[in-house]
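**Student:** Before anything else, here's the structure in question.
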Amino acid sequence: MSMLHQQKRKNHFVFLPLVILLAVCALLFIGLQQDPQKIASALIGKPVPTFSQADLLRTERRVTQQDLPQQTFLLNVWGSWCAYCKKEHPFLMQLAKSMPIVGLNYRDNPQNALAMLNQLGNPFQLVINDSRGELALNLGVDGAPETYLIDQYGVIRYRYSGPLTPEVWQEMFIPEWQKLEAENAKVR
């Protein structure tokens with residue numbers, strides 16, 4: 001192989017890292033343009049994935065999808081380490097007076113999670129301990145907080161990524177709830 005040919009080959013490899021870097025930057029830029037609160041879950045319209053996790057409040061007990069409420073409820077993904085989860089907590093306490101909420105404690109130390117609930121109150125009818133993130137992974141959780149609207153049949157109807165506030169509740173969840181109620185009225 002001639003020296004000229006070897007030099008040309010080396011020049012191609014010099015640009016390869018630059019091309020790879022540009023491709024990664026382009027993908028990152030495209031991804032950052034997406035609003036994570038508006039990204040629909042692939043599980044919308046599908047049942048909650050099968051699971052068997054520890055109950056955070058009664059560690060000797062396992063929780064499965066059969067333990068979920070048999071009515072429309074919220075599944076809230078949270079962690080004691082999550083500042084936004086603490087921000088939404090007062091609204092969850094208020095909301096829990098009118099509808100069931102199941103908590104999915106995500107990638108958390110159980111003692112820290114219990115301490116947070118003892119300090120701020122417990123809005124959850126049931127608290128699933130997902131310290132390894134297994135159920136969250138199957139749900140497609142991006143991070144905490146996330147809230148899912150689940151119908152009485154255990155089907156995921158809506159997903160919201162971010163802190164649940166009265167405004168989000170009114171703008172995002174109430175319309176979904178009303179659609180669900182209209183569907184239920186047709187079935188009756």
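Any Cβ shown, glycine's included, is placed from N, Cα and C.
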**Student:** Can you tell which of Cys25, Cys85 is bonded to Cys82 by a disulfide, based on Swiss-Prot?
**Tutor:** Cys85
**Student:** Given the disulfide-bonded residues Cys82, Cys85, which one is most crowded in terms of C-beta atoms within 10 angstroms?
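**Tutor:** Of the disulfide-bonded residues Cys82, Cys85, the highest Cβ count within 10 Å belongs to Cys85.
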**Student:** Please average pLDDT over the domain 'Thioredoxin' (42-179) for the predicted structure.
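**Tutor:** Mean model confidence (pLDDT) across the domain 'Thioredoxin' (42-179) is 97.
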**Student:** Using DSSP, how many residues of the domain 'Thioredoxin' (42-179) fall into helix, strand and coil, respectively?
**Tutor:** 47 helix, 37 strand, 54 coil
